[in-house]
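Here is the structure we will look at, set down as structure tokens.
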Amino acid sequence: MTFRILGIDPGLRLTGFGVIEKTGEKLAYVASGTIKTTTGKGSEIEDLPTRLKIILDSLAEVIDNYQPQQAAIEKVFVNVNPQSTLLLGQARGAAISALVLQGLPIAEYTALQVKQSVVGHGHAAKDQVQEMVKRLLNLPGLPRPDSADALACAICHAHGGQGLGKLATAGFRVKGGRLI
């Protein structure tokens, strides 16, 4: 059975999305990108409600274009700055709203769970996540950081959040808790 998974890495300025297809234990890249709510110069577009609408509308368009059957989104972590955490939570809420409005089932994973599933340890650096996403999906180059995180979230969901043990049965070699 083949189905598509939409992974989302929520952010108020940049929201990453990634769509993969799962057929049995095999994963295939479909699409990825970044939703930007800033101008090219890093300044904010309009006000907060407008930025949230951009996230909601853009994800609705992604869903219409790629027709995923399931979605996975990264959970919010509590930042040192409470204001940043609240803003991230609002961006995440806009993303979840887009998924709910389209009737998609949603799975939520912490960044630690996603990294553990894709890289083999929960405290992996961004470049390690990018490299593993590239390898697991046979991409020609490294995906951008926000897209890589979203694709990693989708990969985590595809493997049931079970980590490298599941990957080992899919034909990848695991040694010392790491994919080789």
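Cβ from N, Cα, C; glycine included.
Database features (Swiss-Prot):
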type: ACT_SITE; residues: Asp9; note: active site
type: BINDING; residues: Asp9, Asp146; note: Mg(2+) 1 binding site
type: ACT_SITE; residues: Glu74; note: active site
type: BINDING; residues: Glu74; note: Mg(2+) 2 binding site
type: ACT_SITE; residues: Asp146; note: active site
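A distance of 6 Å separates the Cα atom of Asp146 (Mg(2+) 1 binding site) from that of Asp9 (active site).
Separating the Cα atoms of Asp9 (active site) and Glu74 (active site) is a whole-number distance of 6 Å. When Cβ atoms from all protein chains are considered, those within 10 Å of Glu74 (active site) total 25, not counting its own.
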